[in-house]
Amino acid sequence: MAAEVILLGFWPSMFGMRTMIALEEKGVKYEYREEDVINNKSPLLLEMNPIHKTIPVLIHNGKPVLESLIQIQYIDEVWSDNNSFLPSDPYHRAQALFWADFIDKKEQLYVCGRKTWATKGEELEAANKEFIEILKTLQCELGEKPYFGGDKFGFVDIVLIGFYSWFPAYQKFGNFSIEPECLKLIAWGKRCMQRESVAKALPDSEKVVGYVLQLKKLYGIE
């Protein structure tokens with residue numbers, strides 16, 4: 001009997017993009033269901049994630065798996081026949097988990113990114129600077145490698161790449177530029193975009209810009 005896999009997501013969510021990429025990389029057949037998380041969350045979402053009521057939600061044979069980092073690891077372990085996301089070496093595995101945690105620690109990258117379009121003045125300048133510093137730290141870890149894990153697209157790449165689709169929006173509304181200080185990271189993003197899984201999961205950047213304009217209007221941000 002084939003496994004039933006459903007992914008509840010919201011197209012602009014970089015967290016949902018992660019889970020979709022992981023499923024695509026493993027070749028898992030799944031049903032994607034778009035959620036209206038702003039206006040009308042579905043009964044299934046509220047049933048499967050009653051604590052946080054957030055996406056993404058991965059439903060495997062009727063059982064929910066929550067939080068994107070956990071979902072990626074779950075997918076890696078359940079569909080373990082090919083293309084492991086995490087290294088087998090314990091130390092390298094620990095390093096990958098550390099950098100994934102760094103990206104999501106207190107949602108620092110997400111929060112800084114949000115501030116680039118939701119704040120003004122000195123707060124905006126500080127957010128832009130902090131955002132670039134986080135990216136430069138990640139770029140330093142990437143080094144000369146094609147991917148964070150070396151020659152192979154893996155866990156940290158999946159965790160980070162969703163933010164890449166938001167870079168144009170961050171730059172437009174924050175009035176700053178990422179590429180001059182993060183050339184290697186931008187090249188990494190373009191490399192990842194050549195993968196079918198990533199190209200399928202990430203939305204068009206101009207669509208993200210339009211979505212941010214809607215958010216600014218919704219929240220009364222000039």
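Glycine is treated like the rest: Cβ placed from N, Cα and C.
According to Swiss-Prot:
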DOMAIN    3-83  domain 'GST N-terminal'
BINDING   SER13, MET14, ASN40, LYS41, THR54, ILE55, GLU67, SER68  glutathione binding site
DOMAIN    89-211  domain 'GST C-terminal'
PLDDT averaged over every residue in the domain 'GST C-terminal' (89-211): 97
Largest CA-to-CA spread of glutathione binders SER13, MET14, ASN40, LYS41, THR54, ILE55, GLU67, SER68, angstrom: 21
Cβ-Cβ distance under 8 Å to LYS41 (glutathione binding site), same chain, at least six residues away: GLU35, LYS53
Nonlocal neighbours by CB distance (under 8 Å) for SER13 (glutathione binding site), same chain, sequence gap 6 or more: ILE55, PRO56, GLY162
Binding-site residues compared (THR54, SER68) - the one with the fewest other Cβ atoms within 10 Å: THR54
Neighbour tally for ILE55 (glutathione binding site), based on other Cβ positions within 10 Å of its Cβ: 25
DSSP three-state assignment for MET14 (glutathione binding site): helix
Assigned conformation of THR54 (glutathione binding site) - DSSP reduced to three states: coil
Binding-site residues listed as ASN40, GLU67, least Cβ neighbours within 10 Å: ASN40
Reduced DSSP assignment, SER68 (glutathione binding site): helix
Packing count at MET14 (glutathione binding site) (other Cβ atoms within 10 Å of its Cβ): 23
Three-class DSSP secondary structure - ASN40 (glutathione binding site): strand
